[in-house]
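Asker: Structure below; questions to follow.
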Amino acid sequence: MLLDEYIRQDLNPVNINLKNYGLNERFEQEGATYIDLFIARVTEQHRELYKVISECGEIDASVSGKFAYNADDQTSFPAVGDWVMIDRVDAKGGKTIIHHILRRKSVLSRQAAGTENAGQIIAANIDTIFICMSLNADFNIRRIERYLTIAWDSMATPVIVLTKSDLCDDLPQKLADIASVSMGVDVITCSSENGDGLDEISTYVGQGKTIAFIGSSGVGKSTLINRLMGQDVLRTKAIREDDAKGRHTTTHRQLLLLPNGGIVIDTPGMRELQIYTGNLSKTFEDIEEIAARCKFGDCSHETEPGCAIREALKNETLSEKRFASYKKLQREMSYSGLSARQLENEKINRMFGGKDEMKRFIKNVKKR
Ligand SMILES: Nc1nc2c(ncn2[C@@H]2O[C@H](COP(=O)(O)OP(=O)(O)OP(=O)(O)O)[C@@H](O)[C@H]2O)c(=O)[nH]1
Ligand SMILES: [Zn+2]
């Protein structure tokens, strides 16, 4: 099924049962204190433009001027997953205005250590965060620790998902390694290839429960979400790389309803939580192009067969030095390596396209 069709089926224009979107008593009660406003959940964010779902369907939304007065603090802006209060549910092709954010149950954010105001909200009100790591090339205990910290900070419950079990032949050793850092956290082993462990994941998913998947690029998050959806709603890496349009252009739904109940949040920010690839890809387009020819999508360019990078290094079409600086930058750009300033700029870019655009936006909203 095409994505458009999926969206149409999903969004019957009238009488949406918001419980399916995770509405519960806590939000209902808080929402009821705002007279004349309607409750809705943020389903998409594109810079200053939002989409929200209310009982009458999905509509475009923007924030009220009040938000812009606090613009130095990005965490006070709505994020995907937020429950918000809007002033109309039928905007007749226009926009509704978001006036309040209801108290968040959990907040997934990236932040720079030791700085204030450096938080950037990636998604809100997630119940369970699946930390995905593949059992082959991506396997790294330190990375799990880092993701666990992020997940615990969020107030959502983390569950470790070890993917691609079909590619692993030393599972007991890897499980023992994981056990040493995963105290109190459930660990699931699964394979989208042969279906192992997918039932177990389903036990964490149910009506009104909001889930999210984080983990390095290529560990199989999209594939897993597609399996839970029962259809290919997200384009997986393999398909993206085949696509003539290239793989930097994909936009897709940021909030998905699962057929057997439950909500998956999958925002671009979530995909970038591990490594900031935006500028890296641009600066090292040549290297990314070569890497795209590696036999394995998640090639570490170290020991895998069919590695195009090692081939290029051997025949000197790629210089060792350039590859070394790419790797260095890649390390520096990992989540924990970003300086406060880099994070701040990146956040502004993501939300507003740039500093000037942000200033213009704030000015405009204040005028309204
Ligand atoms: N062998 C095997 N391959 C898998 C499995 N799950 C996913 N893959 C493959 O791994 C590659 C990456 O999968 P994706 O689902 O696109 O990975 P992702 O985590 O969504 O990656 P990003 O979108 O970049 O964050 C694809 O070629 C998949 O076909 C699995 O269980 N076993
Ligand atoms: Zn390679």
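Heads up, the Cβ atoms here are built off N, Cα and C, so glycines get one too.
Annotations per TrEMBL:
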- 116-273: domain 'CP-type G' (DOMAIN)
- 124-271: domain 'EngC GTPase' (DOMAIN)
- Thr163, Lys164, Ser165, Asp166, Gly215, Ser216, Ser217, Gly218, Val219, Gly220, Lys221, Ser222, Thr223: GTP binding site (BINDING)
- Cys294, Cys299, His301, Cys307: Zn(2+) binding site (BINDING)
Asker: Quick check for the class: what is the C-alpha distance, in angstrom and rounded, between Cys307 (Zn(2+) binding site) and Ser217 (GTP binding site)?
Answerer: 18
Asker: Can you tell which of the binding-site residues (Thr163, Ser165, Ser217, Thr223) has the fewest other C-beta atoms within 10 angstroms of its C-beta?
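Answerer: Result for the binding-site residues Thr163, Ser165, Ser217, Thr223: minimum number of other Cβ atoms within 10 Å at Ser217.
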Asker: Looking only at DSSP and grouping its letters into three states, which state does Ser165 (GTP binding site) belong to?
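Answerer: Assignment for Ser165 (GTP binding site) reads helix.
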Asker: What's the CA-CA gap between Ser165 (GTP binding site) and Cys299 (Zn(2+) binding site) in angstrom, rounded?
Answerer: 17
Asker: Please work out the number of neighbouring Cβ atoms within 10 Å of the Cβ of Cys294 (Zn(2+) binding site), leaving out its own Cβ.
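Answerer: Total other Cβ atoms inside 10 Å, all chains included: 19.
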Asker: Starting from each candidate's C-beta and looking 10 angstroms out, tell me which of the binding-site residues Val219, Cys299 has the most other C-beta atoms.
Answerer: Val219
Asker: Sort the residues of the domain 'EngC GTPase' (124-271) into helix, strand and coil with DSSP and give the three counts.
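Answerer: Per DSSP, the residues of the domain 'EngC GTPase' (124-271) fall into 50 helix, 30 strand, 68 coil.
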Asker: Tell me which residues of the chain lie with their Cβ under 8 angstroms from that of His301 (Zn(2+) binding site), as long as they are six or more apart in sequence?
Answerer: Ala291, Cys294, Cys307, Ile309, Arg310
Asker: Can you list which of these binding-site residues (Thr163, Ser165, Ser217, Val219, Cys294, His301) have a Cβ closer than 6 Å to ligand 2?
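Answerer: The binding-site residues passing the 6 Å Cβ test are Cys294, His301.
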Asker: What binding-site residues in Ser165, Ser217, Val219, Lys221, His301, Cys307 place CB under 6 Å from ligand 1?
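Answerer: With ligand 1 as the reference and 6 Å as the Cβ limit, the list reads Ser217, Val219, Lys221.
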Asker: For Gly215 (GTP binding site) and Cys299 (Zn(2+) binding site), determine the Cα separation and express it in whole Å.
Answerer: 16
Asker: Which residues, same chain and not among Cys294, Cys299, His301, Cys307, have a CB within 8 angstroms of the centroid of the CB atoms at the recorded Zn(2+) site?
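Answerer: Other same-chain residues near the Zn(2+) site: Ala291, Lys295, Phe296, Ser300, Glu302, Glu304, Gly306, Ala308, Ile309, Arg310.
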